[in-house]
Structure formats: C-alpha cells, structure tokens
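A.B. asks: Here you go, one structure.
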Amino acid sequence: MKSWSTRPLPQLPGNIEAPQLFDSASKTLRALPVAADASLYVCGITPYDATHMGHAATYLAFDLLGRVWRDSGASVNYVQNVTDIDDPLLERADRDGVDWRELAESQIELFRADMTALNVIAPQQYIGAIEAIQWIVPAVEELIAEGFAYRMDSGDVYFDTVAASVKTPDSSNAGELGAWWLGQISGLSPEEMLPVFAERGGDPERDGKRNPLDPLLWRVERAGEPAWPGASLGDGRPGWHIECTVIARKFLPAPFSVQGGGSDLLFPHHEMGDGHAWALDHTPLAKHYAHAGMVGLDGEKMSKSRGNLVLVSALRAEGVDPMAVRLSILANHYRSDWSWTAELLERSKLRLAQWRAAMEHTSVGSAAQLVSEIRTALAADLDAPTALNAVDNWVGQKATTEHSALDAALASDAIEALLGVVL
C-alpha cells in the first residue's frame, strides 16, 4: 500500500544530543540511544472517519520523534499499519449503505492527503491488515502448535494469556522488558483490565474462552462478512492485536526501538501485541513504549463513537492553513490530554503569521541560539510547547543589525526540520 509524499528535510549544522523519551511500560523518562539505525512502529487508523484531531495529534507526536532521531544522525525505519478490515469499518459501511472496500479506500486517501498537508514524514512501510493476512495465518498456526493459542467450538482462535505469561523476578529491572506477563506493559491488574478490555474491542464475557482477557487471533467466516483463506485455520479474518505484531516482525528488527500510539492503545493493544511477540519468538516486541494523550472537544474525549470529531480535512476545506493546525497540536505536550478549541486555532494562526513576518527582519548571528534551544526542548521528552515558546521569544526580539538572510534561512530550516512547520 502506498503512503504519501514527504518534503525533503532541511539539513542543519550540528546534531541534537542525548534525547530522552517517557517509557509507558517502566513509567520513567529513559534515554533513547543515538544509534545509526532507529526503528519505529506507530499503529495506524481504522479507515472509517479519518482524520480527526486525536489521530493527527498522535501522528504529529511520533513525527517529532522521527525528526529528533534524524537530527541526531540516525536513519529511521518507520512502519505504520492500516486496519483495513475490522468490525467498526464493516458496521459503518453497513450503516451508510456503502461497500466497505470503497469506504476504506476513500478514508485512507483522505488520511494520506491530511498527513501530506500537515507535513508528517511518511513511513517507509505502510501496510494494510488485508495485505498482512498472508503472514498472520502462519503466525497463528505457530501459536496453536506451541500451546499459546486455542480453538473455540465455533472455530475462532484465541490467544491464551495464562499459558503465555512467564513472570521472572528481574525481567523488569531498569525498565528493560524481558519475559512477558499480562500487565507488564500497562501496569494494570486483571481487575482493572476487565472493563477496559470490554470497552476497547475485547469480549471478556464470551462463553468457552479459557480466560476472560484472552484476545481474538482469528475469526472464522460468518455469513455476510468478508473472509480470506486461512489454511488450517479455515477462511476468516485476523484479530486486531496480531496484525500489528506480525507486521512489525516482518519489517522491523526484534525488538525494535519504539512502539508508539495513542494512550488508549496501551491496553489491550500494545499489551497483547507484546505477548504475541514473546510467544512467537521469546523476544520483546519493542524496547520502548510511548503514548500520546487524548484530545477532547468541549471537555469530552474526541472519538468516532461519540461523533464529536474535528476533522483535519474539514478545516482544510474551510481554508485553514495546515501549519496553523500543526501549531495548535504542538502547543500541547504530546503526553498531555487536552481539548481542541476555536481560540487555540486562532492563537496558532496569529503565531504562524508572526513567525513568518519575523523572517523579514532577522539579526545577524541570532539563529544559532534558536536552533540550540529548539533542540534542547525536543530532547527533553519531545517538549514542543517549550520549543514553540523559544521561537516566540526569538521572534519577539527586536532586530539589532541589518537583516540577515542567512540567519532567516537557518531559523526557517530549523523550524521546519525539527518542528515540521513550513514558513
């Protein structure tokens, strides 16, 4: 599946040093090793209402991470999936009386356009769940053979969370992930997990399961539903969590550097994905788990189910500059929960205009300090609000020399390369 186009990244003098990123599994701020190669997996959309501001905030958060890595001199291998077959997609298509394939393709294309407009660096691999079925089927068969999965009387296949859990005394030392057990990534107790699991696509009360928290691996064909060849599994379609695990294992090292997504994916999605990976090859899925906060509207979480969405495409259709939208998102720390407001957008429009105007009266020698301050802020857990304030302070300084086109160019390049804002 094609991704989207990416602007060439401006090259800056020097490099960012010692970036740190909060790890959701250890609940600590951890250093990101500055290596020649970095690997990132960010869970993608289910294409039936793209792209709302919550989506955009997540992908901008990890776009910042990719920019920080690249500024450190690393080569970034970035993979993102698309859940192009799932119950919510089928339900929306049925509700609207459209073919689910057409709905998915239209929303994926809209998402691509939104990401291009927001200047989000495209993944090297953009993989649909349907495309990945050819790799998912043998993985599920292997889990059954190893005793980590089981068939229901219906033919559906589930992951056995109890069989796969192996807790060792020192497996979580210093935030390092070792053998998997349920709760290792999220830190939740089984009692805390149950309502969250039910809310986020799980079926804890289904009769015949060995354990209430066992997630679906393979759903056998039902009348009126699409299905694909599943070899010994029978025709059907994959469960949600196994899709990302298999795609990540196909295109990234084991374990890869950072698993990213919204905070609502911490459990069950990332918890179960890591369990699948451990059961398949006794290696953690990722070294580091990072999660973006939730975005609300008028004090409520923005979500498709609630219908309280602010869509990037709708703002673009109204003529809003996508860079003002990007600045609105970056004004909030990526891990914080925040609300979209009209006032926030208006402040961002003004900020963007002021930044652009400042490029016409830039003092000689002023840009190097700005570059340093942006780098320092982003190295500290992607602190975009502090980076934006650094630019504001630089913009607010009165020019003390004749205009320097070189400094203006360096400042503009830094703002684009590090913050993704095109002036």
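In case you wondered, yes, glycine gets a Cβ from its N, Cα and C as well.
Straight out of Swiss-Prot:
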- Cys43, Cys244, His269: Zn(2+) binding site (BINDING)
- Cys43, Gly44, Ile45, Thr46, Thr58, Asn81, Val82, Thr83, Trp240, Gly262, Ser263, Asp264, Val295: L-cysteinyl-5'-AMP binding site (BINDING)
- 45-55: motif ''HIGH' region' (MOTIF)
- 199-204: motif ''ERGGDP' region' (MOTIF)
- 301-305: motif ''KMSKS' region' (MOTIF)
A.B. asks: Determine how many residues of the motif ''HIGH' region' (45-55) DSSP places in helix, in strand and in coil.
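C.D. replies: Final tally across the stretch: 3 helix, 1 strand, 7 coil.
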A.B. asks: Please classify the secondary structure at Cys43 (Zn(2+) binding site) using three-state DSSP.
C.D. replies: coil
A.B. asks: Work out how many Å separate Val295 (L-cysteinyl-5'-AMP binding site) and Cys244 (Zn(2+) binding site) at their Cα atoms, rounded off.
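C.D. replies: Here the two Cα atoms lie 23 Å apart.
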A.B. asks: Just to verify: the residue among Cys244, His269 with the fewest other Cβ atoms within 10 Å, which of the binding-site residues is it?
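C.D. replies: Output over binding-site residues Cys244, His269: least Cβ neighbours within 10 Å is His269.
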A.B. asks: Do you see any of the binding-site residues Ile45, Thr58, Val82 whose C-alpha is within 10 Å of Cys244 (Zn(2+) binding site), and which ones?
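C.D. replies: Near Cys244 (Zn(2+) binding site) by Cα: Val82.
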A.B. asks: Fewest other CB within 10 angstroms, which one of the binding-site residues Thr58, Ser263?
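C.D. replies: Taking Thr58, Ser263 as the binding-site residues, the minimal 10 Å Cβ count falls on Ser263.
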A.B. asks: Any idea of the Cα spread of the L-cysteinyl-5'-AMP site, Cys43, Gly44, Ile45, Thr46, Thr58, Asn81, Val82, Thr83, Trp240, Gly262, Ser263, Asp264, Val295, as a max distance in Å?
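C.D. replies: Farthest-apart Cα atoms in Cys43, Gly44, Ile45, Thr46, Thr58, Asn81, Val82, Thr83, Trp240, Gly262, Ser263, Asp264, Val295 are separated by 23 Å.
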A.B. asks: Taking DSSP as the reference, which of helix, strand or coil describes Val82 (L-cysteinyl-5'-AMP binding site)?
C.D. replies: strand
A.B. asks: According to DSSP, which kind of secondary structure is Val295 (L-cysteinyl-5'-AMP binding site) found in, if we only use helix, strand and coil?
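C.D. replies: For Val295 (L-cysteinyl-5'-AMP binding site) - judged by DSSP and reduced to three states - the answer is strand.
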A.B. asks: Of Ile45, Thr58, Val82, Trp240, which binding-site residues come within 10 Å of His269 (Zn(2+) binding site), going by C-alpha to C-alpha distance?
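C.D. replies: Hits: Trp240.
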A.B. asks: On the 0 to 100 pLDDT scale, where does the motif ''KMSKS' region' (301-305) sit on average?
C.D. replies: 66
